[in-house]
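Visitor: Structure below; questions to follow.
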């Protein structure tokens, strides 16, 4: 019996194979079949909207061209291409929410995500899902789709780059009201933790803020701050009083390209026309 025990697991003080004998030791390749050791493949983006096709083909190179003509963005890959790797995201809060059903309480997770490039573009996404990872992934996509331009200005003399909000602005959501006041250069962002992070992502360096209402409700606090930043482009100041020269919409400018069905190469269309 003693010899058999030695064969199986060595001496009594040693560790035998136990239940982990199949894996080939710690740190070895795990899993079996097709999925073991395969690198994740990147999905190739196939645009389904006119705007997506124009962006992928390089007809639109700046995100300001989209804002100028108020074109709706339906694909988050458009923002990824135009803004690029400078776009950062941060989870502001993940909170459980419940719904009463016949079977009992159904719990889901709500994620608040802020994205921005710290250069005048910021977005907010809110998503509810059964799993935390799914909620975060969905909120990031919604935040990218809601990216808006933020107008920046000066406190006094127009020296250097814009560093603060152009004027006093107020945003509201629920009972929460956020007010922003221009600040002199070097003042920094005088704000609570939640709006401070949003303002950093928007690229504002100096601002005074005040808030009132139930700021403990983080969701409304973030939305009020985002609403405040959106309103920076909601009015005309003297520098915008000049006569506007209207330009063609990208859809009008690139009509010939958009008439070609997606998936058909331009060279094939040219050959067909020459045959006719």
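A Cβ is built for glycine as well, from the same backbone N, Cα and C atoms used for every other residue.
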Visitor: Looking at 1-42, 43-84, which one does Swiss-Prot call region 'Disordered'?
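Guide: Of 1-42, 43-84, Swiss-Prot gives region 'Disordered' for 1-42.
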Visitor: When secondary structure is assigned with DSSP, how many helix, strand and coil residues does the domain 'S5 DRBM' (87-150) contain?
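Guide: So the counts come to 14 helix, 38 strand, 12 coil.
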Visitor: So what's the mean pLDDT when you look at the domain 'S5 DRBM' (87-150)?
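Guide: Mean pLDDT for the domain 'S5 DRBM' (87-150): 96.
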